[in-house]
Amino acid sequence: MPELPEVETTKQGIKPHLEGRMITAVQVRNRKLRLPVPLNLNELCQGKHITAITRRGKYILLHMDKGYLLIHLGMSGHLRIVSQTANPQKHDHVDLHINNGLALRFCDPRRFGLFIYIDENPYQHPLLAHLGPEPLSDDFNSEYLLRKAANKSQSIKSFIMDSQIVVGIGNIYAAESLFLAKIHPNTSAKKITTEEFNSLTGHIKKILESAIEAGGTTLRDFYSSDGKPGYFRFALKVYGRKNLPCLVCENKIETVVIAGRHSAFCPHCQPIIT
């Protein structure tokens, strides 16, 4: 699933082509996404100008002079900028035509994403209203996590992947951050010390910033808006490296299933706290 760096990379990639431009048409080929694409999306958007493009967690918001488009890439989606005459591929579901001859094309093979119109304040929409702070913001710090973790028996990995605690951290960056902080992913959140939270928040911020600079992590379906892969996969320390030697201690990387997800870790560098 595209995580915060992939979504931020996408936002930065589409922004120069769309911001300040007028939408001339919306072409919908398949409405059946996680939430149905509105039947009248063309009428809602045609003739409107895109005034800003922002990100909230894993959501991209296209601000128009009236209304908003809320986009989520789902499990396997991506946005790319194409010529309006470019032939669509099998899973290209929505085209947003702009008055510069280009189109924003939404591809989603597994159709877990969304492309919806919001009339009112988008931050009060049920999908956004209860999201936690951005991990790269000053609000996300060790004191905040320590307060939220009090009496939480869930694993620290599940804790930092909870979008109501902090947004945008998925399986890849959770595993990598916990490795660098030397915290076992199955450790109970309430057992994490202030010092460990200091380390963890610092590593989360550094990893996300590095991943954004590298254009995200391409493992299967993610490509940036210009069709290029992300290169942060070459910097991964534990994710996708099961049974390979740890790059620090040379012990074998192992995985454990936490909340239905395989979590990679080094048993030597990340001892479990009992």
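Using the three backbone atoms N, Cα and C, a Cβ is placed for every residue, glycine included.
Record features (Swiss-Prot):
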{"type": "ACT_SITE", "residues": "Pro2", "note": "active site, schiff-base intermediate with DNA"}
{"type": "ACT_SITE", "residues": "Glu3", "note": "active site, proton donor"}
{"type": "ACT_SITE", "residues": "Lys58", "note": "active site, proton donor"}
{"type": "ACT_SITE", "residues": "Arg261", "note": "active site, proton donor"}
{"type": "BINDING", "residues": "His91, Arg110, Lys152", "note": "DNA binding site"}
{"type": "ZN_FING", "residues": "237-271", "note": "zinc finger"}
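Here the features listed in Swiss-Prot are painted onto the structure.
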residue : record                    : Cβ contacts under 8 Å, 6 or more apart
Lys58   : active site, proton donor : Met1, Pro2, Glu3, Leu4, Val7, His72, Leu73, Ser163, Val167, Gly168
His91   : DNA binding site          : Cys107, Asp108, Pro109
Arg110  : DNA binding site          : Gly74, Met75, Ser76, Gly77
Lys152  : DNA binding site          : Phe159, Ser188, Ala189, Lys190
Arg261  : active site, proton donor : Asn171
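Taken residue by residue, the zinc finger (237-271) breaks down under DSSP into 0 helix, 12 strand, 23 coil. Of all residue pairs in the DNA-binding list (His91, Arg110, Lys152), the one with the greatest Cα separation is 41 Å apart.
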